[in-house]
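Peer 1: Dumping what Swiss-Prot says about this protein:
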type	residues	note
REGION	402-454	region 'Disordered'
BINDING	Cys472, Cys538, Cys541	[4Fe-4S] cluster binding site
Amino acid sequence: MSANSFDARSTLQVGDESYEIFRLDKVEGSARLPYSLKVLLENLLRTEDGANITADHIRALGGWDSQAQPSQEIQFTPARVIMQDFTGVPCVVDLATMREAVKELGGDPAKINPLAPAELVIDHSVIADKFGTNDAFKQNVELEYGRNKERYQFLRWGQTAFDEFKVVPPGTGIVHQVNIEHLARTVMVRGGQAYPDTLVGTDSHTTMVNGLGVLGWGVGGIEAEAAMLGQPVSMLIPRVVGFKLTGELKPGTTATDLVLTITEMLRGHGVVGKFVEFYGEGVAATSLANRATIGNMSPEFGSTAAIFPIDDETLNYLRLTGRSEQQVALVESYAKEQGLWLDPAAEPDFSEKLELDLSTVVPSIAGPKRPQDRIVLAEAAQQFAKDVLNYVEAPAAQPAASASPVDEASAESFPASDAPAYGSQENGAGAPQHADGTGAAVPSNPVTVTAPDGTSYEIDHGAVTVAAITSCTNTSNPYVMVAAALVAKKAVEKGLTRKPWVKTTLAPGSKVVTDYFEKSGLTPYLDKVGFNLVGYGCTTCIGNSGPLPEEVSKAVNDHDLAVTSVLSGNRNFEGRINPDVKMNYLASPPLVVAYALAGSMKVDITKDALGTDQDGNPVYLKDIWPSEAEVNDVVANAIGEDMFSKSYSDVFAGDAQWQALPIPTGNTFEWDPESTYVRKPPYFEGMEMEPAPVEDIAGARVLAKLGDSVTTDHISPAGAIKADTPAGKYLTEHGVERRDFNSYGSRRGNHEVMIRGTFANIRLRNQIAPGTEGGYTRDFTKDDAPVSFIYDASRNYIEQGIPLVVLAGKEYGSGSSRDWAAKGTALLGVKAVIAESYERIHRSNLIGMGVLPLQFPEGQSAATLGLTGEETFSFSGVTELNNGTTPRTVKVTTDTGVEFDAVVRIDTPGEADYYRNGGIMQYVLRSLIRK
């Protein structure tokens, strides 16, 4: 119930329905705010409680100074939570564990349910193993179920056990496309109230829904769990960059060309930690599908969100996708009543401004390794000839460009798609990077390959070995998808097909795509050029491209060929799309088809022939490129509201395989002691209703002493599990074959694997174990403190009751927002971290897991204080938290005589409550039982 200090509670009549709303015009200054901040303002008005959210917070947002640096913290309560399976499974594991804890404390386990609607779409597990055949989809689904049966059984139980929790089963679509086509409300209705639809998601590209006027972004699992359980998300009131659009796109240019141009502009400007908001006359000329493509790539821009206001185009899309007339009428009435309707002539207050004339956008691709490295299509072959030198001619001699934190966060998000998290000093500005390679000859090393059917062909540097129509970024956009299918049709009619070394895949983000291909008669043409359906899921975009054909892979590796991929995704970092492929290019779906026909990045597809027709005449791209009228004609005739309504009528039901999964019944989950994917974590063991008093920390040893810019991927890697590591040994001991290890990302529901993977990144350098790389430390419980695995040493410390501490440099915990970086740290027995500075989300996650984040005094560090990591540490003054106050500093002393006052980085009253309770889950659990 809102405190309603501003007398903002009112009613809105729409047809026969009446809704309670909170009027923005009751707050002075609200009219000049950007759309995105108006949405936040309504959120504060509606959730004002006088404690976490006060009238002062509301006034601060109403009186927002567009030129000030962000400093005011506010508590944002998202309307709902969206998840995918990699990042969502651990959230559901925690909910299931909370139910058991409630039962053990004498409460009703059925009380533990998401308080905000939570929806999980299974899309991250399908791998494009099989391709180029009519049964590729069926085979890939069977392989997916084989690999993921334990996880799927668990999610199937969750689907039946929890209220307000829904699961979209595998083989249905990609989370963000399902979100815009079906789940998003634009205006929410709950308990008789109408308010803007907002969300947080456990995936970096959650921002796709910004195209629909819905404010939301990616967060880590701990924040998502908190939001599900009704806790607000802490954030700073951001700067807002106004991005003015004028004019309209020229025929022949696509949404992909537009978004790559915007990526280049925004990365050049620097928008980390900021909202980007589109305005101006050109917004009306930007289709909703194009807006969604732009919103999707907000993480690649570096921004928190990239949002479009509500207008007629929004309403048309809601109608097209089968939303009810009452819902569409509500969205229109609410937006107009609250000043959220787009006025193309208005210029709200913005912190910074950029402008793009849409008519200047030209056909483009981006690569070979970063999404902001845009290349004009007409110059792509020339630029490839220069860039390939970095991969062929003595790569060691090439000076490595230092990765920006935006690139690092994005690159590390494979395959789990964790949300990015950046340090406070970073704005993400940076120019595109390309080799100049002037005057150098294009390297060539042709290799003959023999296919299983006995035919042979030559491949060389630059061969396109993967051509993937993939990713919700583009498969949600009917215009580029139909254009791709028409390129395929015209190519087939001219007698062209893909080159034999190209692995071609089609993996749309929803079944609507294949429905309109079928209805328009275009499916057979896509099949004929090799773009058979391989799955409905992320596939190649997150690196699940599956292996190249054996003979191609062998030739590439034996001869060290710099081969390429072309994909319609959103990220293209080196080695992430396929381990055999060094250079990756982002392109629109029709260009993906064109490059599959050309077979090499050396081909200038704007001038060179892609092949020859039946009569031996050269066929050029212009001969098979569809006109805008042809594309629009198919879209108009093949896509209608009935298609979306039918496709989503039973979206949560799943296929026969899903429905046949054996699932336990009841309010609590029956944990399988043999499972290596899903296990009950120990967060609540021994927990009582009253939290034990906070204690000072004495006799602590250093587990790791780390440098600057240690990312969450260093702390908790998401990628492959090596056999000779504690996690690999654990899986081997539990009967898992090495080929079935899967990734850390897929095993986040098993704390035993994840603890062993904490600080286990092969690139980690622990300064107390010099000369080592990876998860090593020195074990001071043993004579001479030998080098040991971090996990093994932590068990010895825990056995002897010795608390642990981590020492770190600047920007500790940057990269992606990965909850296991904090969970793993806590489960290793770490009680405190002392760093020079923190990334904001990781700092709050540490508190959420009961770990104390401390900061060295200004200008001091482990080095200036002479700390080696061999000391024993004690911390006094922490107990002040028992008196209801948070100490500004605590006294740190070592057995070597070093003393200093460390700054306590518990920054809000809510965080202090979490820490006193031993963590956020314990706090929420006690609160729910008391209710």
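Start at 1 and count along the chain as shown; that gives each residue its number.
Using the three backbone atoms N, Cα and C, a Cβ is placed for every residue, glycine included.
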Peer 1: Please list residues from the chain of Cys541 ([4Fe-4S] cluster binding site) whose Cβ is under 8 angstroms from its Cβ, counting only those at least six apart in sequence.
Peer 2: Ala468, Thr470, Ser471, Thr473, Leu567, Gly569, Asn570, Arg571
Peer 1: Around the recorded [4Fe-4S] cluster site, report the further residues of that chain (criterion: Cβ within 8 Å of the mean position of the Cβ atoms of Cys472, Cys538, Cys541; site residues excluded), sequence-ordered.
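Peer 2: In sequence order, the nearby non-listed residues are Asp123, Ile174, His176, His205, Thr470, Ser471, Thr473, Thr475, Ala507, Gly509, Gly537, Thr539, Ile542, Gly569, Asn570.
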Peer 1: DSSP says what for the region 'Disordered' (402-454): how many helix, strand, coil residues?
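Peer 2: Its residues divide into 7 helix, 7 strand, 39 coil.
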Peer 1: Return the residues near Cys538 ([4Fe-4S] cluster binding site) by Cβ distance under 8 Å, restricted to its own chain and a separation of at least 6 in sequence.
Peer 2: Gln84, Asp123, His124, Val126, Ile174, Pro415, Ser417, Thr470, Ser471, Cys472, Ala507, Asn544
Peer 1: Tally every other Cβ atom lying within 10 Å of the Cβ atom of Cys472 ([4Fe-4S] cluster binding site).
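Peer 2: Within a 10 Å radius of the Cβ of Cys472 ([4Fe-4S] cluster binding site) lie 30 other Cβ atoms.
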Peer 1: So, in DSSP terms, is Cys538 ([4Fe-4S] cluster binding site) helix, strand, or coil?
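Peer 2: Assignment for Cys538 ([4Fe-4S] cluster binding site) reads coil.
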Peer 1: Tell me whether Cys472 ([4Fe-4S] cluster binding site) sits in a helix, a strand or coil according to DSSP.
Peer 2: helix
